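Enquirer: Sharing a structure below in structure tokens format, with a few things to ask.
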């Protein structure tokens with residue numbers, strides 16, 4: 001996708017464009033020409049310059065450590081807590097592996113962590129509102145929120161966390177009776193400008209650049225509407241001129257609005273025996289073809305509407321029409337026979353000879369959200385075809401027909417009248433010699449319409465993501481326990497393999513820390529609520545645990561639990577933003593608990609050593625035992641990869657240790 005930006009070729013992806021744009025920019029600045037095909041992981045780059053793109057992702061991945069360090073330092077005011085957090089991320093093989101390839105994840109995690117740090121920093125400036133540092137960190141939070149959402153939609157989770165922090169902050173200010181209503185209004189306005197207007201403006205600007213750069217026709221055209229495609233150089237609709245309004249006698253193509261369905265199509269092949277009525281097949285086809293052409297005619301007249309002596313009659317919302325297939329002269333037809341693949345739907349066929357058929361060829365054309373009698377616009381009008389006899393709606397199920405149907409998409413007539421994209425169409429090509437042509441530039445959508453359409457397509461694409469054959473997917477409950485990793489490359493024993501798996505010590509320690517935090521925070525919360533008199537040092541540590549740890553636990557929950565509600569395919573790498581928050585919580589929690597232990601043993605001579613020895617034990621255990629345990633974990637799973645040493649390649653049981661691992 002970075003190559004597409006360099007070549008200015010339009011493509012479709014289920015994620016917003018910022019991450020791919022940055023990768024493309026890094027490649028362009030480092031001399032990459034955008035010609036490598038990226039067919040499968042592990043392909044040899046040969047002479048192509050890829051180090052700029054990898055280096056960019058690796059740099060942002062390496063920045064996660066100082067960002068986490070500074071965040072925990074700000075929340076706990078403890079150097080040892082920040083160091084422990086940094087060590088957990090430094091020695092995690094998962095973060096290391098995820099950061100050293102050309103992926104969106106390190107870019108996403110960078111913006112998430114940067115937004116978290118900025119939020120914590122502007123919280124610390126609460127006693128100096130409207131000062132330069134306060135404005136700086138508040139504005140930087142908005143910039144990072146736009147960056148997180150601009151890379152992937154899961155950036156919405158950090159937006160919700162910052163939003164909750166902002167609401168609680170404003171609620172606290174509202175309870176401060178020393179503040180005037182004017183001051184409260186300034187606080188509210190500042191947050192609206194920096195946390196809503198600024199991120200929204202940057203997010204929209206990202207799409208403006210995206211659409212400006214990608215102005216050539218490419219593999220993403222078919223996912224978008226005909227009007228959208230008309231703006232792409234090289235597309236057959238670009239700079240074309242066609243009649244604006246639909247008229248009887250026009251030769252047209254009809255395109256389904258559901259993603260990747262295509263054009264209404266027919267051909268000289270019949271449905272096989274036992275599949276409904278043995279009549280001509282009607283399907284949808286993704287590519288341009290003469291068999292996509294239909295002639296729109298009146299239902300009760302056989303006269304030629306293109307006769308120069310007859311006046312032009314426009315097709316209007318609510319008209320009863322016939323659609324005659326241009327190549328075979330058979331009418332679009334439906335009846336009570338069951339569809340080939342979809343139960344309770346009716347079969348759609350081509351029927352008749354030279355345009356003559358029966359009343360099952362009659363369809364009522366309706367325009368979505370329009371009044372009866374209105375003309376129908378090419379490209380812009382969203383239409384439905386209602387079968388006059390059965391009352392069903394023409395649509396496509398999206399199911400692929402067997403070989404007898406040339407593996408094209410099934411077309412059905414559904415008795416369920418609910419408006420869905422699979423039953424909504426638009427007219428794309430339009431030929432009528434009796435009508436004046438207009439340039440399609442007049443019909444091109446505006447920027448807000450392009451934005452809305454692209455988001456609808458992305459949302460539908462996300463919801464439609466299903467696992468491929470033999471693809472390793474996972475469930476959310478697998479992730480915190482490091483149940484199974486994710487194979488990045490290598491299909492057989494002879495390939496160089498890369499396997500994504502977290503450091504078991506880090507991940508299991510994080511899981512233990514979450515449970516321990518809930519227990520310890522509950523004890524302190526109950527004690528504080530009951531008015532227990534805590535020593536000054538214990539009270540300070542309890543505030544760190546409840547406030548700082550509470551923000552980190554909330555961040556972990558926001559970046560983890562929503563995946564249980566998602567119906568799309570899920571992978572192991574989706575957990576890594578939540579893993580960052582759990583690692584920060586682990587550093588803060590163990591530092592606080594060890595300080596409490598040291599305080600409780602203050603009467604003993606070696607009390608001060610408890611905290612130091614505890615932190616050192618955790619650091620050494622993470623650095624030494626983690627990679628060794630990770631290797632054993634994989635050996636038991638019979639994973640074979642090649643491991644590269646400085647002098648040679650050798651085959652062994654285990655995982656490729658990432659650089660520095």
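Residue numbering: from 1, along the chain as shown.
Positions of Cβ are set from backbone N, Cα and C atoms, glycine also.
Keep in mind that TrEMBL annotations are predicted by a computer and have not been checked by a curator.
Dumping what TrEMBL says about this protein:
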DOMAIN    243-299  domain 'MIR'
DOMAIN    312-368  domain 'MIR'
DOMAIN    373-430  domain 'MIR'
TRANSMEM  51-72  transmembrane segment
TRANSMEM  79-101  transmembrane segment
TRANSMEM  107-123  transmembrane segment
TRANSMEM  135-164  transmembrane segment
TRANSMEM  188-209  transmembrane segment
TRANSMEM  505-528  transmembrane segment
TRANSMEM  548-565  transmembrane segment
TRANSMEM  572-590  transmembrane segment
TRANSMEM  602-624  transmembrane segment
Enquirer: Would you confirm whether the transmembrane segment (548-565) and the transmembrane segment (135-164) meet the contact rule of 3 or more C-beta pairs below 8 angstroms, pairs 6 or more apart in sequence?
Expert: yes
Enquirer: Which bits of the chain, at least 6 residues beyond where the transmembrane segment (505-528) starts or stops, bring a Cβ under 8 A of a Cβ in it?
Expert: 88, 91-92, 94, 480-482, 534, 542, 545-546, 549-550, 553, 556, 579, 582-583, 585-586, 589-590, 593, 618, 621-622, 625-626, 629
Enquirer: Write out how many residues of the domain 'MIR' (243-299) are helix, how many strand and how many coil, based on DSSP.
Expert: 3 helix, 27 strand, 27 coil
Enquirer: Are the transmembrane segment (107-123) and the transmembrane segment (135-164) close, by which I mean at least 3 Cβ pairs under 8 Å that are 6+ residues apart in sequence?
Expert: yes
Enquirer: Counting a contact as 3 or more Cβ pairs under 8 Å, with residues at least 6 apart in sequence, do the transmembrane segment (188-209) and the transmembrane segment (572-590) touch?
Expert: no
Enquirer: Could you pull out which residues elsewhere in the chain have a CB under 8 Å from any CB of the transmembrane segment (572-590), counting only those six or more residues past its ends?
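Expert: Distant Cβ neighbours of the transmembrane segment (572-590) are 64, 68, 71-72, 75-76, 78, 81-86, 88-89, 92, 94-95, 98, 105, 108-109, 112-113, 154, 157-158, 474, 476, 478-480, 484-486, 500, 502, 506-507, 509-511, 513-514, 516-517, 520, 544-545, 548-549, 552-553, 555-556, 559-560, 563, 614-615, 618.
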Enquirer: Please work out which recorded stretch in 51-72, 79-101, 135-164 has the most C-beta pairs separated by under 8 angstroms from the transmembrane segment (602-624)?
Expert: 79-101
Enquirer: Are there residues at least six beyond either end of the transmembrane segment (135-164) with Cβ under 8 Å to its Cβ atoms? List them, or say none.
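Expert: Contacts with the transmembrane segment (135-164): 15-19, 104, 107-108, 110-112, 114-116, 118-119, 121-122, 125, 190-191, 194-196, 198-200, 202-203, 206, 458, 462, 551, 554-555, 558-559, 562, 574, 577.
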